[in-house]
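Structure first, commentary second.
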Amino acid sequence: RNSNITSTSITFLLTGVPGLEVFHTWISIPFCFLYITALSGNSLILFAIVTQPSLHEPMYYFLSMLSTTDLGLSISTLVTMLGIFWFDAREISFNAFLSQMFSIKLFTVMESSVLLAMTFDRFVAISNPLRYATILTDSRIAQSGVATVIRGTLMLTPMVALLKRLSFCHSHVLHHSYCFHPDVMKLSCTDTRINNAVGLTTMISTVGVDSILILLSYILIIKTVLSITSPEERKKAFSTCISHIGTAAIFYFPLISLSFVHRFGTAPAYVHTMIANTYLLIPPVMNSFIYSVKTKQIHRAMIKILHSKDT
């Protein structure tokens, strides 16, 4: 059993887009554009919320949490992805692999928690507007932010820690441009059933539960909106949810389709990789776009900031 390599001394090789290595420089152009958009868009939203007193409201505090998780998600993959496309820097140590995987998963779970909190915010605003300010106090919002981080950390630590016990004896070539949990388990020659079960349980009890709760909340929100007699008020109430519905759909659809593709898909390798790469970049890019265009207050604040820089 000398061929077994303990996990700590191992170096993995990340893959860019399998079969399309020749085009890596070209493929890097849209990815680079997506990273720049995600980082600048979310930074601008954060800057607007922090500096504009008119945006110091629960809805925007949650939005600032969303932008923070989006920035975290983008930064987690930026180095390895562009490193592969530009410099063919494919090697990654096991510990670096674990920390990148942990941060990607953590920001994914945190984003899911924030989307759930934002649903609650919309639910309270529409169904109980008079008590909105007393229910969603600053301290409660801060607590929910801390809870989001703690929840993600507690849920994900066992999943990542369990990878430490695996040994690898065949290939060390991973099939993604970043550290992907199912990827590393396929390479192990240890029994990974516990890892699979824990991984699946973690994702179901975080992202799975959140998406169901968001759906149920929206059924209640729609019922409340439909009970409003004035068409004008009804339209106004529903328009405050549009951005959030879009954001939730953009986050959950790729996430669910990615897990299906991995479990049941027979598509060529580069299709898997492309879906996986875009899945991590589309939410951060689209969220900054949706909120800066659809939300009038953010839109105004951003224009104000950009104008003040010009003068």
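Each residue's number is its place along the chain shown, starting with 1.
The backbone N, Cα and C atoms fix where each Cβ goes, glycine too.
Automatic prediction, not curation, is the source of TrEMBL annotations.
Residues or ranges marked as transmembrane segment in TrEMBL: 27-50 (among others).
Here the domain 'G-protein coupled receptors family 1 profile' (41-291) returns a mean pLDDT of 90 for the predicted model. Sequence annotations record features per position, and here TrEMBL assigns domain 'G-protein coupled receptors family 1 profile' to 41-291.
Under the heading transmembrane segment, TrEMBL lists 62-87 (among others).
The transmembrane segment annotation in TrEMBL covers 141-163 (among others).
Here TrEMBL flags 197-221 (among others) as transmembrane segment.
Residues or ranges marked as transmembrane segment in TrEMBL: 242-262 (among others). When Cβ-Cβ distances below 8 Å are used as the criterion, the transmembrane segment (242-262) is approached by residues 66, 108, 111-112, 115, 118-119, 122, 182, 203, 207, 211, 214, 218, 271-272, 275-276, 278-279, 282-283, 286-287, 290-291, 294-295 of the same chain, each at least six residues removed from its ends.
Per TrEMBL, the feature transmembrane segment maps to 274-293 (among others).
Using a cut-off of 8 Å between Cβ atoms, the transmembrane segment (27-50) and the transmembrane segment (141-163) share fewer than three residue pairs, counting only pairs 6 or more apart in sequence. Tertiary proximity for the transmembrane segment (197-221) is limited to same-chain residues at least six positions away from its ends with a CB under 8 Å from its CB atoms, namely 108-109, 112-113, 115-116, 119-120, 122-123, 126-127, 151-152, 155-156, 158-159, 162, 181-182, 185, 241, 245, 248, 252, 255-256, 259.
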